[in-house]
Structures are given as C-alpha cells and as structure tokens.
Amino acid sequence: MELQFRQPHFSDALLLLLLSNLLLWEKASSIPACMAEKSGCWNPRMETFDSAIRKAETLRTVSKQFYVELYHNQFSSGKFATLTSKLVRRDEIVFRAASHCHSTLTNPPNKGIQYITIEIPEYLKTLINYVGAWISPLFHLVIELSAMKDVPETILSKAKEIEENNRQILRDLRWIITEVYPTSKKKEIFPSWELLSFLKSSSRNSKFLAMFNLSHCLEYDTQFFLFHLRILKCRITGKDC
C-alpha cells in the first residue's frame, strides 16, 4: 500500500513560523537585558553599577586622604588642633560639628539589617537622597577653597575630585532607578547643611569649623556609599553577592 504524503499547506507553514517566533521571544525575554558587543553581551545595568562602585571606591580613598590632609597640612593643622582640643573639652558647638552629619536626615539603612529588609525602590530613593545631600556642601567647598589665597593645591585638588565623584555617583543612581523602576515616583529631598553659612563666612574660624564637620562626616558617609552600592548591585542584578 502506497503511503500518501500531504503537501504542507501555506497556513500550516505560517503557524509553524508564528510558533517558532513565539518560542524565540520567550527565550529572549528570559535573558537579562544586554547589548551585543564583539566581546559578548554588555549589560548596561551591570556596567552602571560597576561604574558607580569604582567612583565610590575613589571617593572613599580621597575623602580619607582629605581628612588626614586637613589635620596635617600647615594650611589647616593649627585650626584643626584647636578644634580637637575644644572637642576633648566637650565644647558644645565643636562636639556637634564632629558628631552631627546632616546626611543622616535622609535615614539611610545604616543600622542592623535594615539594608536587607528595606524594599529595593525605597532603598534606591534613600541612597539617592543620601548621596545627594552632599551635592551642595561639596559644590560650595570647592568655591570657598578656590577663593582662599593660601590653600595648597593638594587640598583643593582633592576637594574637586571628591565633588566630581559624588556628582557622578548621583547621576549613575538616577539612571539606575529610571532603568529599573521607570514608573516609580522619583521625589528627591536633599537636606540642607546647617554649616553652609559658616563655610561662606569671612571668618576663617567659621570656615574651618565647617570643614571640620564636613571632613568628619565625609570620612564616615563615604564608607556607607560604597557598602550600599554593593548591596544594591547584589539585590538588583544578583551578581557579586
């Protein structure tokens, strides 16, 4: 008995094509977003996180150097020695300058396991405000230091590098939240720095009190910038956990 083979109908071929395309689409949708590169797959989210983390590492290092420089450079060492002496004697104004950081008003998850329990969108918004809290103080620090005739280049250059890296980290965080949560409301609330008027004062004592506060808080905050960026990268991308 001769077997009869049915010629494929045009509609059957079209159905097969549609099914094939559907399977390809489902497979593609399960792969993390990336862009074709000669060396492989480029993931813009990963690249932006890595970029922000590198800047945060630089920011941390330069902030520590800036802190040490202000204590040892002839430009500021005398003023900082006087402020340290007052701090030991629990002078109220100096004690607050050394212990109160305006950035804490953003309520960063720096205690316990808050960084694990906080929702990711809220975590991103909080970190944006935490980093953003330094935009104005650092901008004015560079302006005021640039206007001081006796400021050493080593101090001024570090201030500029700190300001630039902080600004770029904020830019990266804004890109990430827009990319990951495009419909999320992105209300930014940057707390004001209470010692800004001291920094802009004509009194050198007031200026150095403001720098005393700024250097202490930066030395503290920058380690948490780096910590939170690494945690967020893990929680959002699942990499480097």
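The backbone N, Cα and C atoms fix where each Cβ goes, glycine too.
Listed in Swiss-Prot as the disulfide partner of Cys101, from the options Cys217, Cys234, Cys241, is Cys217. A helical conformation is recorded for Asn213 (N-linked glycosylation site) in the three-state DSSP classification. Nearest to Asn213 (N-linked glycosylation site) in space, judged by Cα atoms and limited to the disulfide-bonded residues Cys101, Cys234, Cys241, is Cys101.
For Cys241 (disulfide bond), the number of other Cβ atoms no farther than 10 Å from its own Cβ, over all displayed protein chains, is 9.
Highest Cβ count within 10 Å among the disulfide-bonded residues Cys217, Cys234: Cys217. Summary for the recorded positions Cys101, Asn213: the Cβ-based neighbour count within 10 Å is maximal at Asn213.
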